[in-house]
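Participant: For reference, Swiss-Prot lists these features for the protein:
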MOD_RES   Ser12  phosphoserine
MOD_RES   Ser69  phosphoserine
MOD_RES   Lys131  N6-acetyllysine
DNA_BIND  132-191  DNA-binding region
REGION    192-326  region 'Transactivation domain'
MOD_RES   Ser306  phosphoserine
MOTIF     306-319  motif 'OAR'
Amino acid sequence: MEFLSEKFALKSPPSKNSDFYMGAGGPLEHVMETLDNESFYSKASAGKCVQAFGPLPRAEHHVRLERTSPCQDSSVNYGITKVEGQPLHTELNRAMDNCNSLRMSPVKGMQEKGELDELGDKCDSNVSSSKKRRHRTTFTSLQLEELEKVFQKTHYPDVYVREQLALRTELTEARVQVWFQNRRAKWRKRERYGQIQQAKSHFAATYDISVLPRTDSYPQIQNNLWAGNASGGSVVTSCMLPRDTSSCMTPYSHSPRTDSSYTGFSNHQNQFSHVPLNNFFTDSLLTGATNGHAFETKPEFERRSSSIAVLRMKAKEHTANISWAM
């Protein structure tokens, strides 16, 4: 019991009138009975306990936790005291300010982009200025004469010839080589153009002249026809007929009021229908003889009509020969 009394010693000495007073040699049963009694847990007994033990000391730097729901109050205090001027709080504020300052506005972004573009332009200008600019070389007449002499001998001079030529013309070997390259390109272009022109002229000489119609017989036809018209009759001369005409197509003198007549064949040809060739010539070539109108020649039509007549006559001769053979 001495152990209990030492461990649980009262901080304030109880009075003798209290129920918990225990003398130096007093029994412990009275104390245990009072603990088992229900009156010990009543308000009166609680007041006695407060009087016996005294009020608990409250620390000033602690704050009692309030049982509040996080959903009801967003500013929940979990027992951490907020002291103004605390170093941790100031460091957090500074970090947040730095994060906000890192967010660039569009205006600042555009300014920086413009600065980057200017830097890029400066870099490009520096690179272009560092490149060597090529200048055109102006050759004199003496230099061109020397170069042309060598070009007439060979289009591809070797290094030795180029060096000798460079010494004579007071040029560099590289410029001489470039001149020969350009001269060869010009020569190839001229050769190609000359071949094209030569091919065109050859084609024109071969095909174009044969296509043109022959006009050497037109003046003779006109003169003969005008002469026949003046005499009152028209005569189909031999110049109007093809050269390979058969004997049946003899020149025929036509009077204004004569009837149509047929060419003479053998008696066995009567079974075929014949075309009045003389009327064909007179109707197609000699028009308006009775009325006395001026005669107008149609060379193209005359040539076609004569060729058609010749073909028909050849066909009839062929059929006649076949019938004679049978």
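A Cβ is built for glycine as well, from the same backbone N, Cα and C atoms used for every other residue.
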Participant: Provide the three-state secondary structure of Ser306 (phosphoserine) computed with DSSP.
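Facilitator: DSSP assigns Ser306 (phosphoserine) to helix.
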Participant: Per-residue pLDDT averaged over the motif 'OAR' (306-319) comes to what?
Facilitator: 84
Participant: Once the chains shown are all counted, how many other Cβ atoms turn up within 10 Å of the Cβ of Ser306 (phosphoserine)?
Facilitator: 20
